[in-house]
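A.B. asks: Take this structure first; my questions come after.
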Amino acid sequence: MRGGQGAARAPVIQFTNCRILRGGALLREDLWVRGGRILDPEKLFFEERRVADEQRDCGGCILAPGFIDVQINGGFGVDFSQASEDVGSGVALVARRILSHGVTSFCPTLVTSPLEVYHKVLPQIPVKSGGPHGAGVLGVHLEGPFISREKRGAHPEAHLRSFEADAFQDVLATYGGLDNVRIVTLAPELGHSQEVIRALTALGICVSLGHSVADLGTAEEAVQSGATFITHLFNAMLPFHHRDPGIVGLLTSDRLPAGRHIFYGMIADGIHTNPAALRIAHRAHPKGLVLVTDAVPALGLGNGRHTLGQQEVEVDGLTAYVAGTNTLSGSIAPMDTCVRHFLQATGCSVESALEAASLHPAQLLGLEKRKGTLDFGADADFVVLDDSLHVRATYISGELVWQVEEARP
């Protein structure tokens, strides 16, 4: 029903009594939807001479583009890095459960794993449109194994790899193919990394720099080769130093290709990044900040021991550690919690907080005409929020896919 006459015959839904996020501002306007897309009401009125078939009162709520999570390792007991005969059912469970947190699209993320895990899991996670069944899958994020041993974090050292002489063929042999892959995180200081970055970006795959001890010069060279993202800024990289700020220095570098800027992921869970560091990053480069959850399989579960790939993770309160260590191992905060914490910690505008979880990840992936926006013609993926940014409802392609249960009298 999205194209041609089919879309034109679809019912027109008018969402009223709302504030919609468009063009960086919250506007008191109605949102018009038909055939799964955002509709221009002027064309409806003056060219088609039609009105809405249905009106829905939003009770003064905010309508924002659906959240996009480009780094999520699992959740609700599901570990994307665990090979099984039915990986798809686990992905589907997470896709369904994250709807309640306003996420309409995501990149299932695999941490460093044995080769057989990549070969078994990757073919089972195809790109998939969202709907009542769950959030859409935009492609897999492969975080490792081509990362620094020194900054491996929760990644198992035994399965880390360096690039062989025929580097891109080594990548293909490691992953077993790249058909379902959208993002690859690697350490740019590894030998042959620049040729790998060029080869991946030529295929339309986003290259992210992370788990790395790279200096600024090496990071800048990686961006010149095509890298566009930084994996969880500040975490698992050299700390900022005034004589060589390392990867962090990319936020204000003057050696990036003309017309391009770097995007960077931030885990705003109140654990991974001090509020002062959040403020420094946001004030230095607000348009590049991408909120990510980096959620682990323990998301939505209680205290105790859980898995993350080949490692055991221990959850204590709001923090997840590699079992028996003090090394952080992902987050257990969902995306809407990260948005609220980011807003509170940085003092930024509501609009900026919402765009960090929607527009910016869409721009990173080159999807800003379809996702992360409520502009005319975009996919009608949006989240309904109250003034405190708690999710009231989630829509995908204009269809209600999740709604909060109202308190009973």
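Cβ from N, Cα, C; glycine included.
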A.B. asks: Name the one residue among Glu143, Glu312, Glu314 that Swiss-Prot lists for the same divalent metal cation site as His211, His232.
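C.D. replies: When Swiss-Prot describes the divalent metal cation site, the candidate it includes is Glu143.
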A.B. asks: For Arg243 (substrate binding site), what is the secondary structure by DSSP, using just helix, strand and coil?
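C.D. replies: Looking at the DSSP assignment, Arg243 (substrate binding site) belongs to neither helix nor strand, so coil.
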A.B. asks: Which residue, of the binding-site residues Asn235, Ser329, has its CB surrounded by the fewest other CB atoms within 10 A?
C.D. replies: Asn235
A.B. asks: Which whole-number value in Å describes the distance between the Cα atoms of His232 (divalent metal cation binding site) and Gly270 (substrate binding site)?
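C.D. replies: Counting only the Cα atoms, the answer is 13 Å.
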A.B. asks: I want the residues beyond Glu143, His211, His232 whose C-beta is within 8 angstroms of the mean position of the divalent metal cation site's C-beta atoms, in chain order.
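C.D. replies: Everything else in range on the chain: Gln71, Gly144, Ile147, Gly153, His155, Thr185, Ser208, Gly210, Thr231, Asn235, Ala236, Asp294.
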A.B. asks: Tell me the Cα distance separating Asp294 (active site, proton donor/acceptor) from Asn235 (substrate binding site), rounded to the nearest angstrom.
C.D. replies: 11
A.B. asks: Please list residues from the chain of Glu143 (divalent metal cation binding site) whose Cβ is under 8 angstroms from its Cβ, counting only those at least six apart in sequence.
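C.D. replies: Residues satisfying the criterion: Gln71, Thr109, Leu110, Val111, Thr112, His155, Thr185, Gly210, His211, Thr231.
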